[in-house]
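Q: My questions will all concern the structure given below.
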Amino acid sequence: MELIDGYDDGTTEGSVVYIVARDGIRDNHTRLVLRLGEEEVFGPNPSFNTSYFTLCLWFKAITFYDKNSLVSYAIDDKENLLNYMVASTGLALRHGTNELFFNVLLLPLVWYPVCVSGQPDSITIWMSEHGQQHYDFNFQLPFTGVMVLGQDQDMVDGGYNSGQAYTGHITGLTLWNAALVGDQMIAWSQCHFSPGMVMPLMVWDDMVPFLKPHNETGGLMLYREHLCGTRNITSYKKLLLFSHRLPLNATRKFLATFMLKAATQVEKMRTILENNNNLCHSRSYSGNLAFMGLLYNCSMKEFSDLNGIHISVTPFWHPVYQGYGYSYICPFYQRDRLQSVFITNTGHWILDLGNKICTFGEYIPETQPVFHLRVKCLDEDQILYTYLDFVLEAVTRSQPGGGSVYFHGVGPYTITLDHNDTWCLKRWGTQDKLLCTVSRSLPVGPLTWKDENDICTQLHIESGLQLAPTGVMLTKCSPDHFTCRDNQCVPLDKVCNSENDCFDGADEIDCFTAHPLATYISTSPPQIPLPFQVDVNIRTADVDLMNAAVKANLRLTISWEDARIEMRHLQNVAKRLTSYNTTLWSPNVQTFNSLEFATTASPPMILAKRLSPGKRVDGEYLSFPGHGHPVVLIIDLHTHTYCRYDLLKYPDDIQTCNITFQILNVRKEGLKWELPSSSEVKCPEFHEEFWVKDCRFLLPSNFSSSFFVQLTFRRKNAYHIWATYLPCILLLGIGYGTLLLPLDNFNERGTMSLTTLLVFISLYAQTTASLPRTAYLKRIDLWYVFCIAFLTLVILTNLATSTTTNKKATTTEGPYWWHPNVSVEQRNEAWSSKNLPNSNTQQQQQHQQQQCHEEAGVKRKELVLRTASVVLGVSSLIFIIVYFTGAYITM
């Protein structure tokens, strides 16, 4: 393919660029018309159709309205056979009633190369670095119609709509009767044409003589500009001079905040300073200067940018440095630190002066920040948001104003700096002020804007509503971000999360989470009946037998929904609900049958947490409806409640106690319980004396305003086994052991059994004192009655089997066989072996009979003692077995 004259490598005078409806004026007349059916365009035989075609052009919009027609094509029998439109949100291709849309963000004052390529069954839209999209579409392009640049056509070269008129620059239109592919389109945009590339049917410079401008309003002009090579989107850098003066550290933060980097386009800086010679005058230097974005290392004699990246550049020092040499450039006391490099209006370089300075910044259009002017308008029952988007641009000599930059609107608006640090919003082509604010720097962030011309009514004129502005902010943050005072952006879900994300903690100010509606009444529940849920966590519970009560430390978690509250700043974990000047309604919980008033261990907490993504209130907070986000009340209570205890089976008893709660500020049957899933009770995990056998939640009815928590305790056996039964059994064993002592040890038997009985009586008295008085015998009473009765029988047995020794007999002088302890056989043997006098025979026989009688009595007592020990032992064993078996069965 031959290179296009004036549109090749930038060595010629450049391509012709048409500016349609300049200065933002839209009308029904300003347009460029090319009649493809005329003989001069395609020759003597122009009437042919093609299913393969490619149409490419460059455009740079001055501003966007709705959808602006770049190119429209119509034939005699069809209106707008092809309408190629642009908007700030992307490209649109319309064929009749069919419309294809390529969604991509477009900025004003940026050149974009675009192409439309057609095949019999598909259409491809291509746009520079944004790639291409394919659509299934059947279309043929007859080359006999009328092509109009900058307007749509509702009829051939007519029926124009000013709402779709394009305002901006157009050039480089090229037409092929072939479908190009992506690489070929990229080559066209870079003016690199391969030898095998299809020849275009018509190129821009060939079309220019046949374009017939309709310029009845003077809104059309042309100039030449090179777009290839250096005008590629990725390499094109915009240089801006910021005339508001900042210290160096603040300058670094300023550039980073607005996604700018320090400029290094040295050649252009001098020109810009000359054009703004009244804005950056230095007190320390007789002239203008600005920070270049370079740092100089005196010891290494190297340059770097603000990020520490080495930059190879040849310095152009000021003549005063050249005269005094290196020692003057870097004094010895400054050689260990980096020096800031400034450029003067003469193009010379000087080092850090230590004052507030102007600075240069640059950005690449693909990372160019878009600023949003958010206008919040209030109606009686709704809030309407309007966003006007802007990009930061340099002021040209033809533009009046007090600064070196201004905000160029994506739509037909600008924000310019007037005198006295006043920034104003204006419409394109007018000087009417809509909003104004005062700022020594860029008017971005939380500022106060003054409504100069009823801005809300003008923005929403079609609605017919009478609106008032309640908030205006220019920010680079998206609507789902909060804007800090230093213009940093914080996601809305991190606002009021108890962590300072803004440097000054601005995101943690005004963090009230509950905002009642105007109809809110704090003394009334949200509705009747109110759906209600209670979870009870009993942390500790202690049985007070003497007072027939239970002491419990418990936590009530009560939840309900209140649609009268708008919640804000909720997190994924429960967060306290606070209101600015309204007391929130919450249930007033009291206990009945209490021995003392229930006390709270800590102040009750009203909480809520995020259960849905929430509704975004642009740039401010996330809003959550009361419906679907339960309000949770947490109360820590200490209760001392009366219970009716049954001690019949003590100490193997099972006790049940009901703790009654009443919601006092809800009328009877004012709550709606949805059992069994509406409430639950968690039992205490540990108790010294009892097992918590069961915890239940009870209701009189499903619409009652009261509820019960039923606790069931079972006494632990181990405690009384070691504290009661085992000592008693040991004492019973000691008492029973006295029956096994010899008969003549009466004193020892009596002392032991009597002492054991007294110990039992003492234990019984102590146990009785620790229990409430009852009209019935308890199981523990039976145990002690048995033990006391058993020992009483042991004592009686010992008394019945007692023996008394005849001390006189034991001390009488005589033969040894007279001794009572000598057996009868021994006496008879001694008697027969001796020749005793006959006079003593009768006396000895009487004494012998007496001794025999006494021995018989001793044997009877021994029999009684053995029988009693067996009977008492067996009966006690039977009682113990029956006693503990019954206790086990009733557990």
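From the backbone N, Cα and C atoms, a Cβ is placed for every residue, glycine too.
Annotated compositional bias 'Polar residues' per TrEMBL: 829-841, in sequence order. The compositional bias 'Low complexity' annotation in TrEMBL covers 842-851. Annotation source TrEMBL lists disulfide bond at Cys477-Cys489, Cys484-Cys502, Cys496-Cys511. The annotation region 'Disordered' is assigned in TrEMBL to 829-852. Taken from TrEMBL, the feature transmembrane segment applies to 719-741, 753-771, 783-801, 863-889.
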Q: Is any of the disulfide-bonded residues Cys496, Cys502, Cys511 within 10 Å of Cys489 (disulfide bond) (Cα-Cα), and if so, which, in sequence order?
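A: So the list is Cys502.
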Q: Other than its close neighbours in sequence, what residues sit by the transmembrane segment (783-801), given a CB gap under 8 Å and a spacing of at least six beyond its ends?
A: 724-725, 728, 731-732, 735-736, 738-739, 743, 746, 749-750, 753-754, 756-757, 760-761, 763-764, 767, 777, 861-862, 864-865, 868-869, 872, 876, 879, 883
Q: From the disulfide-bonded residues Cys477, Cys496, Cys511, pick the residue whose C-alpha lies nearest to the C-alpha of Cys484 (disulfide bond).
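A: Ranked by Cα distance from Cys484 (disulfide bond), first place goes to Cys477.
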Q: Which one is it: of the disulfide-bonded residues Cys496, Cys502, Cys511, whose Cα lies the shortest distance from the Cα of Cys477 (disulfide bond)?
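A: Sorting the disulfide-bonded residues by distance from Cys477 (disulfide bond), the top entry is Cys502.
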Q: When DSSP states are grouped into helix, strand and coil, how many residues of the compositional bias 'Low complexity' (842-851) land in each?
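A: Grouping H, G, I as helix and E, B as strand yields 10 helix, 0 strand, 0 coil.
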Q: At the level of the C-alpha atoms, what whole-angstrom distance separates Cys511 (disulfide bond) and Cys502 (disulfide bond)?
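A: Answer for this pair: 14 Å between alpha carbons.
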Q: Given a 10 Å Cβ-Cβ cut-off, pick out the one of the disulfide-bonded residues Cys477, Cys489, Cys511 that has the most other Cβ atoms nearby.
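A: Result for the most crowded candidate: Cys477.
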Q: Run through the Cβ atoms and count how many others sit within 10 Å of the one on Cys496 (disulfide bond).
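A: Result for Cys496 (disulfide bond): 22 neighbouring Cβ atoms inside 10 Å.
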Q: At 10 angstroms around each C-beta, which of the disulfide-bonded residues Cys484, Cys502 has the fewest other C-beta atoms nearby?
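A: So among Cys484, Cys502, the disulfide-bonded residues given, the one with the fewest Cβ atoms within 10 Å is Cys502.
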Q: To the nearest whole angstrom, state the Cα distance for the pair Cys496 (disulfide bond) and Cys502 (disulfide bond).
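A: Distance (Cα to Cα, whole Å): 11 Å.
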